[in-house]
Amino acid sequence: MPLPRNGNLSMVYFQDFVLEGFKGGLETQALLFAVFLALYMVTMLGNLTMIMVITLDAHLHSPMYFFLKNLSFLDLCYSSVIAPNALVNFFSPSKVITFVGCATQLFFFSLLVTTEGFLLGVMAYDRFMAICSPLHYPITMCHSACTRLVLGTYCGGCLNSVVQTSFTFRLPFCSSNRINHFFCDVPPLLQLACGNTAINELILFGICGLIIVGVTSVVLVSYGYIMVTILRMRSGAGRRKVFSTCGSHMASVTLFVGTVFVMYAQPGAIESMEQGKVVSVFYTLVIPMLNPLIYSLRNKDVKEALWRLGQKHTAM
């Protein structure tokens with residue numbers, strides 16, 4: 001195996017990586033394949049349905065559902081960055097991913113997941129404006145403002161993705177090319193580096209910590225004002241509707257922030273790869289599958305839109 005000849009950290013000693021995935025024999029791999037396939041198919045069906053319903057039903061052409069459609073799009077995309085390759089590797093004898101393919105997967109995964117975190121914060125702000133300042137809401141959250149907010153989340157996601165990917169793949173991977181994970185992520189890649197990874201770990205924990213604290217702060221402040229407004233409401237039906245809408249969003253935020261914190265923003269996260277694999281399955285497949293179910297089952301408007309589309313399809 002070649003050893004480093006100079007201090008150039010951009011030098012790469014392997015053209016390919018091997019994604020080791022989950023341990024176990026053929027039966028275990030077949031069971032995991034079935035679980036991953038089922039989760040991915042439900043994720044695809046649920047998020048595509050949400051996108052279609054919100055796009056086709058004029059009653060859902062509002063800022064809240066504009067953001068929800070973008071959330072479904074992000075869930076669809078970042079699960080698709082991971083799941084197809086993972087499904088192929090369950091029965092692949094080599095489990096090889098090229099260096100460029102690994103960097104590309106990490107870049108898009110980091111971009112989409114970070115963007116989703118920022119979008120959840122934007123959705124909390126949208127609910128704050130709708131409930132606490134309803135008279136200014138149509139002006140403050142006009143279509144152009146909503147579009148700029150969504151573009152801002154993508155810009156933030158892209159910035160984090162560029163930083164994480166560039167700093168990770170500047171390291172020399174000369175100790176091994178076997179990634180102890182089912183996709184290319186920063187923690188397992190840092191385990192393979194034969195250079196000093198202290199700066200990389202600091203960047204990972206620092207940026208992820210800032211994102212989690214920032215998003216959580218926006219959500220908590222927004223819902224603090226929302227709770228005060230709800231308590232002042234005299235209509236019981238109005239309270240129930242607000243609780244239903246906000247409860248769905250809070251469930252999504254809690255699931256997302258909790259799993260990202262466990263994976264990236266706690267000491268020892270990089271060393272705990274076996275735990276990391278299980279957590280990764282949760283936020284790459286389970287959460288994208290649950291989000292459309294959470295928002296559709298608890299949302300009267302979405303259920304009515306589904307019923308209307310069903311009636312139109314039956315009448316045709």
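Every residue, even glycine, has its Cβ placed from backbone N, Cα and C.
Here TrEMBL flags 30-54, 66-86, 106-125, 145-163, 202-230, 242-266, 278-297 as transmembrane segment. According to TrEMBL, the feature domain 'G-protein coupled receptors family 1 profile' maps to 46-295.
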Practice prompt. Please give the sequence-distant neighbours of the transmembrane segment (202-230): residues at least 6 beyond its ends with Cβ less than 8 Å from one of its Cβ atoms.
Written response: 114, 117-118, 120-121, 124-125, 127-128, 131-132, 160, 163-164, 167, 186-187, 190, 239, 242-243, 246, 250, 253, 257, 260-261, 264-265, 267, 270
Discussion item. Out of 30-54, 66-86, 106-125, 278-297, what stretch is closest in contact terms to the transmembrane segment (145-163), meaning most Cβ pairs under 8 angstroms?
Written reply: 106-125
Fill in: Cβ contacts the transmembrane segment (30-54)/the transmembrane segment (106-125), at least three under 8 Å, sequence gap 6 or more
no
